[in-house]
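For 14-31, 51-75, 82-100, 142-160, 181-202, 249-269, 290-311, 323-345, 352-374, 394-414, 495-518, the entry in TrEMBL reads transmembrane segment.
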Amino acid sequence: MPEYLQRRFGGERIRVYLSVLSLLLSVFTKISTDLYSGALFVQVCLGWNLYLSTVLMLAITAVYTIAGGLAAVIYTDTLQTFIMIVGAIILAVIAFNKIGGYHNLEEAYLNAIPSMIIPNTTCHLPRSDAMHLFQDAHSEDLPWTGMTFGLSVLAMWYWCTDQVIVQRSLSAKDLNHAKAGSILASYLKMLPMIVIIIPGMISRILYPDAVGCVDPDECARVCGATVGCSNIAYPKLVIELMPSGLRGLMVAVMMAALMSSLTSIFNSSSTLFTMDIWRRIRREASEKELLLIGRAVTVVLVVVSVVWIPILQSSNSGQLYIYIQSVTSYLAPPVTAVFLLAIFWKRANEQGAFWGLMVGLAVGLSRMTLEFAHPRPRCGISDERPFLVKDIHYLHFAAILCLLTAAVVVGISLRTRPPAESQVENMTWWTLHPEQPLPAPPVSVPRSLPENGFSEKAKEESQEGHSWACCCGPQVMKSEIPALKALKDRTASPFWARICNVSAVLLLCVNIFFYAYFA
């Protein structure tokens with residue numbers, strides 16, 4: 001993604017900014033949340049201290065991440081996917097049997113009230129619209145307007161531009177393999193509704209005093225967090241319902257999920273840093289140096305993420321999902337806006353894109369700062385937060401921020417020099433010519449950036465080994481470069497291309513059905 005925007009707009013500053021932003025998002029929304037959720041599972045299962053559990057997770061993950069690189073990440077992801085699916089399906093079946101089937105779910109959930117409540121409040125009551133995707137537009141949880149527009153902005157950022165996802169697509173053998181992988185992942189993405197979300201609701205039905213606690217002292221006793229214990233819903237279900245052998249399987253499943261995410265993030269983060277930041281500081285860096293720096297950066301990101309865990313634990317009423325989506329809502333929408341305009345509007349230039357990103361970042365960080373400075377009050381305490389935090393839902397804010405960034409990009413682009421035709425050739429939807437090969441990516445570090453991001457005196461250096469090593473992960477060695485160069489024929493078979501297209505249409509229909517059924 002950073003390399004594409006550099007090709008599209010020219011210059012270096014957008015690429016460097018996006019790389020730094022990706023590293024920040026890795027700390028705030030990926031590494032820290034993965035570590036916390038995995039450690040929380042171990043804590044609930046084994047009764048260990050949260051930070052001891054975190055160290056255990058890191059030790060196991062680091063061994064094969066550092067030793068194996070991108071290849072190890074992809075192979076372990078594939079294996080762990082099947083383990084997670086089997087374990088989650090078994091637990092879902094047991095949980096449904098425990099409450100007498102799906103037809104009893106709604107009534108039982110609405111009656112799942114904890115024994116210890118705060119008088120004269122309603123925060124202990126389950127939402128009456130819990131079985132519907134379309135909640136009131138003023139809902140504090142997931143308003144339908146925010147889900148439809150705000151989440152679409154965030155989803156487009158993650159699935160279309162995030163380094164963790166893009167790196168997998170770029171590693172495909174050809175375009176058909178990339179499409180087929182995305183389609184398969186989309187079908188798998190439907191499973192959490194049945195095997196994770198609904199079992200989580202069943203967990204509240206079976207254990208309302210633990211999962212649904214609202215009293216701060218009781219919550220602190222149950223899970224160590226005074227703001228709520230909804231995060232323990234799934235681990236609690238595993239410990240209480242699964243027999244010994246299957247319980248061990250589910251522990252392995254959650255460990256697999258943690259390692260799957262962490263290895264992907266570690267590999268992608270080290271690649272971004274070595275490709276887009278370190279090579280601009282040390283242009284003569286050797287391959288060995290790049291490998292060492294990539295691993296060192298991974299260690300630094302992990303340390304910062306561990307320090308961030310206590311803040312994460314007490315944010316957004318203790319609900320991990322809301323924390324992830326809210327932080328993403330403050331930082332990701334500007335990238336979505338610039339990405340869309342870069343593809344679909346030829347007139348967008350480097351000046352507009354850069355300053356759009358800067359304005360979006362400033363506004364997003366302002367909201368994020370207010371959010372952490374004024375956390376949501378606990379049950380029974382009046383909400384006196386500023387208007388920008390209290391009355392504008394984070395998903396609504398995401399949509400507004402995306403539009404604001406787009407407006408800045410359009411305004412500045414129209415008032416500055418348009419990009420040259422050669423700059424947008426093969427870089428936008430309207431100028432794409434698949435039969436023409438793309439030019440080699442620039443590996444130089446311009447010493448100056450004139451107007452519109454184009455350097456007149458850019459000195460390019462051939463760093464063939466480094467380029468392959470960084471693009472394909474920090475573990476690609478010189479011995480692998482010839483094999484990578486041999487993968488020149490990326491043309492897709494017309495027959496399988498049609499199969500992928502038909503599968504994509506079918507997938508869209510299935511999604512629309514589920515969307516309408518649960519609306």
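All residue numbers here begin at 1 and follow the chain in the order shown.
Each residue, glycine too, has its Cβ placed from N, Cα and C.
From a predicted model like this one, the values you see are computed outputs, not experimental measurements.
Within its own chain, the transmembrane segment (14-31) is flanked in space by residues 1-3, 5-6, 162-164, 261-262, 265-266, 268-269, 272-273, 275-277, 280, 297, 301-302, 304-305, 308, 324, 327-328, 331-332, 335, 338, 350, 353-354, 357, 361, 453, which lie at least six positions past its ends and keep a Cβ under 8 Å from the stretch. At the 8 Å Cβ threshold, with sequence separation of at least 6, the transmembrane segment (249-269) comes into contact with the transmembrane segment (82-100) through 3 or more pairs.
Long-range contacts of the transmembrane segment (495-518) within the same chain, counting only residues at least 6 positions beyond its ends with a Cβ under 8 Å from a Cβ of the stretch, are 131-133, 175-176, 179-180, 183, 186-187, 190, 193.
Here the transmembrane segment (181-202) has Cβ contacts under 8 Å with residues 81, 85, 88-89, 91-92, 95-96, 98-99, 102, 105, 109, 130, 168-169, 172, 233-234, 237, 500, 503-504, 507, 510-511, 514, 518 of the same chain, all six or more residues outside its ends. The stretch from 142-160, 290-311, 394-414 that makes the most Cβ contacts under 8 Å with the transmembrane segment (352-374) is 394-414.
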